[in-house]
């Protein structure tokens, strides 16, 4: 046998008023002279070891400290020693060693039984251990109940609770149960001993049915298996079925990325000009959208585009000059883009390549001047640079040659037609020459160079003019709006200038950028030399914004003539495309 | 997904026996003043929660840092609040006047204000301190403040005479929490947490005794 030293097995306080320590003697007794073990104790603030006051009350090999010797939150040390040797030592404080006695007076009462009489509910009650002074609040106990059927081995546990009664539901009346309870101090971890076992038997109270001793257990397994199979079959059949609505209901499609205001069909069909025009109006898209890589993709898309004109123009641009790359790749073909950004497209086709755009300037030196303006991205910052205009006109002409001639002739012609019809209303839009910011105008971005500069295209004016020539004369510009349909203006005004420019090629007033400032319009009209130019009438008060008459997203808006209260300047006037958010701000 | 997460979090919080939010004004009270019973109920809940957290924090710290260092043997220490003479057994707790006991409780709570603040900050400097310990330290500090406020309210209600001198013991253990030697530093933490557990148990017990005595007339 191994030699076992005497040890202190545990120290315990049942109610936080007294405590006892227990030890084991080991097997010294047999080997040597019976030693007399002593338990010595010391409080933390004392120096001398004192002997145990009571060896008897707690039984053999124990020491009992009654209430007068017990201080609860004071550290104690006890040691097991004989005359010479110290065998074991323990230090603790009484609040740490609380293990309550078991509850007493367990009993149960029947609450109710099920209709078939197979199951029943009972309520179990008990009293707290008598030693624990719960009534004065000196100790707070919580109880844990365990129960099981008589012939089972594993106890079922309930969560510890403070109350001294607990219901047990759904016990089988045909079986007998055993219940036991133990308690612990509320913030401790260790439980005290279990109480005596309480036997629960229904036979005396409930007349159980003899034939229902063996109840049928619910065939959970079968239910689950068949349920899963059925569900799988249903799902498969739904997926395979041709019913789109049902499919949508049960398997909704994952939403694809979507940009507000852009019809995904546009992207599919390769109508990048409109997409770009819309995107250009969103600040974050301005420069990021264009890069050399994108250009490559765009090129490919263009090839696939069934629209010949697009292709032709792109190809032309590609082949003719290096910087042409910038134009075509980006796919910001003006064409109707101006229209798309602003008004309802009167001309359905968007195939016209942007013959003349701000990008034209990029090709030439004069463009460098214009590059400054280009930084505004929409050529908004066009100064009234006479010098640049001629150069623009030059390049514009060059570009015209590059483009399909017929197209150009179409483009130019309408301008000429409408030049005869002065639009005095245009003059009302005269604003300071130098501050474009105060002018209300918008233009179509036809292209964006790889450098990130935006080139505006005047193309639509020609196209618009062409298609709308008839309607032009009838158009009544209500110039109290600062916004008016670009299409309308372009077709009427630009056509005017366009025609003039063609023969001269140096028309200053000609705004090749596909957009026009009020001054350019004015000069355009004025330069025509026709009697068209009417002196600017007195400026009429103009509203900064107008309400939308028709929204044809993503192709543009048709604005109402009614004046609206001027909203904040944050309105991106230059864009010409009013986003719905901005509109919501201004619309009452 | 969000709903499920919210449900889980709320379940966790509720089963933690934490302090749930209680209505400020019970229905029907005109002045919106809580009854003394309500104040005591809340105080007891708070003190129980603080003791529960202290216990757990001590156990975690013990498990993680104190094993094998022999801290237990040395833990017969004195806490900085030992100078406050508090009832040490049931008899003394029964005999002390409730106003004195309330003042003592306030004194212990005030004396722990400072150490808890430093505990919460210094425990973060322990190498690889578990998140649970850090969180508990911060939580105990906050709840202690709330309990202090609540106790001051109770004292205001219960106290008949003038307010006595404030009972308070200063704490000078901060340097020991900042020692360079890791063993010494951890031992200082161990002692502090041990004292915290003990004192929070004291407070909890005293409050329960007072509650049963004043509210339920010794018949809880």
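Glycine residues also receive a Cβ, built from the backbone N, Cα and C atoms like all the rest.
TrEMBL: automatically predicted annotations, no manual curation.
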Quiz item: If you check TrEMBL, which stretch out of A:235-279, A:280-324, A:325-369 is marked region 'Disordered'?
Solution: A:325-369
Quiz item: Which stretch, out of A:121-159, A:160-198, A:394-432, is listed as region 'Disordered' by TrEMBL?
Solution: A:394-432
Self-check item: Per TrEMBL record, range annotated transmembrane segment [choices A:218-240, A:448-470, A:471-493]
Solution: A:218-240
Quiz prompt | Helix, strand and coil totals (DSSP H, G, I; E, B; other) for the domain 'Fibronectin type-III' (A:102-205) | solution = 0 helix, 52 strand, 52 coil
